[in-house]
Amino acid sequence: MTTLAIDIGGTKLAAALIDKNLRISQRRELPTPGSKTPGALREALTALVEPLRTEAHQVAIASTGIIQEGMLLALNPHNLGGLLHFPLVQTLETITGLPTLAVNDAQAAAWAEYHALPDDIRDMVFITVSTGVGGGVVCDGKLLTGKGGLAGHLGHTLADPHGPVCGCGRVGCVEAIASGRGMAAAARDDLAGCDAKTLFIRAGEGHQQARQLVRQSAQVVARLVADVKVTTDCQCVVIGGSVGLAEGYLEQVRAFLMQEPAPYHVALSAARYRHDAGLLGAALLAQGDTL
């Protein structure tokens, strides 16, 4: 059975066909529309999947935000251009005429990455550091989603009570500081207006402010890793996302984690499936891997 998998992120939309052996083909990408209207997202999704829908038997969506009874509810609306509510499952079923499943993108990625780990790993946490910061928790071999779909939204745990206001309305969230959007918002002087990708380039060139912004992000994520270790007693933490997978970033997170007391230490690794983890995890769930 072929699955049309869709990944809805803060900066891009991706889609691909995935077969029962998790082989990916015909991968496509489009920018996430900046408009706040549901119509703009609907049009973008239609353009994204139209060339693929006739070859699929079902649709699986991994999306930023909270997925609740098929609705996309944004905890931080800034990550989707201000969109608050969107009938995600209904929209894709209308566009494709196919049965559709939707799950949070970090939860989906956690499920994919869990399947790539050795069989003796039953407890793991996935953290994505990208436009926002998200997470997924697997406990005793089961993916935790929560009754309201909120489980694993680790980016909205507290990093600094005196920090910047997060898009969710809370002050000092991990996401407000460590995410690509948070790093860009903190950039000043000659870096003002730069995106996270540019900040990493400038940091690599030795720019002191850029290096400090990257260090601050890595330190906040390391503290988050320590928190999830002591909360879940996970056997490992997998880091993904465009920031999380940037050159040298994981090494900085690991170095900061080693400064914490020993009980907070945990094995860290980069996402095996990298930017395809959300697509693959959603496909796994649609193909019968139960939550």
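Note that Cβ sites are derived from N, Cα and C of the backbone, with glycine treated the same way.
Database features, via Swiss-Prot:
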{"type": "BINDING", "residues": "5-12, 132-139", "note": "ATP binding site"}
{"type": "BINDING", "residues": "HIS156, CYS166, CYS168, CYS173", "note": "Zn(2+) binding site"}
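A map of Swiss-Prot features onto the structure.
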residue	record	DSSP (3 states)
ALA5	ATP binding site	strand
THR11	ATP binding site	coil
GLY132	ATP binding site	coil
VAL138	ATP binding site	strand
HIS156	Zn(2+) binding site	helix
CYS166	Zn(2+) binding site	coil
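Here THR11 (ATP binding site) is positioned 18 angstrom away from CYS166 (Zn(2+) binding site), judged by their C-alpha atoms. Listed binding-site residues: ALA5, VAL138, CYS173. The one with the lowest count of other Cβ atoms within 10 Å of its Cβ is VAL138.
In this structure, the C-alpha atom of VAL138 (ATP binding site) lies 18 angstrom from that of HIS156 (Zn(2+) binding site).
Take the CB of CYS168 (Zn(2+) binding site) and look out to 10 A: across all protein chains shown you find 19 other CB atoms. Counting every protein chain shown, the number of other Cβ atoms lying within 10 Å of the Cβ of ASP7 (ATP binding site) is 27. Between GLY132 (ATP binding site) and HIS156 (Zn(2+) binding site), the C-alpha separation comes to 10 Å. Of HIS156, CYS168, CYS173, all annotated as binding-site residues, the residue with the shortest Cα distance to GLY136 (ATP binding site) is HIS156. You'll find the Cα of ALA5 (ATP binding site) roughly 26 Å from the Cα of HIS156 (Zn(2+) binding site). Listed in sequence order, the binding-site residues near HIS156 (Zn(2+) binding site) (C-alpha within 10 Å of its C-alpha) are GLY134, out of ASP7, GLY9, THR11, GLY134.
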